[in-house]
């Protein structure tokens, strides 16, 4: 057990990771040594940043808390604190059920931890973070919360209404990160396309992205978690005109059947969804689309599911994730619908959909053989350097593998490569 050392454990999404990075910077500014995502306690104090989005995430968070409680009981840890979405939603219940935790914080009051440690929040470091990602890329969170009322989603209950960060503050953070060596920015929010409506009374995402693109040193900008309804089409122009805005869009569509879109309260139709996809591909040639789909929402019939599969076959998404509906208390779906589709049927539909996408992804990968791409090198792993094209986001998308014996490559640098082979997920390349 190392004195004056604090372990930060982050569960859940990249938005949580940004919160952890901000906390880490504040702790370091107060004289602590900080470790991140250690397998076991390293220091006297541990802070677990939890996720509470769906059942599996909640279970993972609870198990991690209990694991560290056990370490505390064994004398391997002096203090244990918990923050994040799970404790934001269930703070009182958790405090009663797991008294071994010294204190639970919500998602937005983690700065109180500093006071409880006898330290102070340092406002001069408000936009600074200790990056846990490789030094050349960072996640950039532009807003908190969500004003959408999708039937199945607990995020608005947990995080509250949409709050945009001031544009100047975001630009200042970008400039600071660039000065520290960051070249690539993953722009994240619960709902990107709503950015600016609360602060500036209109959608400001295109203006924000254009301003980030104009910051010297920004090489790649990638957009995550857009919403299909009321999409700001000015963004198409920004993506066309700025080479450093990746031709990539992560837009969660969830379903295609009008029956399901209505039950999910998505405020977009099947026809509008197809029209938006066609616009993306017409206005931004070569764009790669990533989406997320859901199966097993209450009311999903076999006909709805077949319609969803046909949609996937027809559109042929470059990247796709899917998950089975999980009933979340407090949501519209939990109040109004019976969770009548069995776990077995949900899993069967999920497996079918992902098998279909794997086949499509494999076919799309084969079309890249012989083509040339610019890649950034993330790391060296065994006999390969691992890189990504502009069409690949870290952690979730395919990677480009380059034989390490070919030549020495620098982590965080860009190289031109030629694709020589492909499998269902990854590409293999040689340096040009």
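Positions of Cβ are set from backbone N, Cα and C atoms, glycine also.
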Of the candidates 13, 146, the one that Swiss-Prot places in the [4Fe-4S] cluster 1 site of 51, 85: 13
For residue 51 ([4Fe-4S] cluster 1 binding site), the one of 146, 150, 153 that lies nearest, given that the binding-site residues are compared by Cα: 153
Rounded inter-Cα distance in Å - residue 150 ([4Fe-4S] cluster 2 binding site), residue 13 ([4Fe-4S] cluster 1 binding site): 19
Helix, strand and coil residues within the domain 'TRAM' (366-432) as assigned by DSSP: 1 helix, 33 strand, 33 coil
In the chain carrying residue 13 ([4Fe-4S] cluster 1 binding site), residues 6 or more apart in sequence that have Cβ under 8 angstroms from it: 51, 53, 188
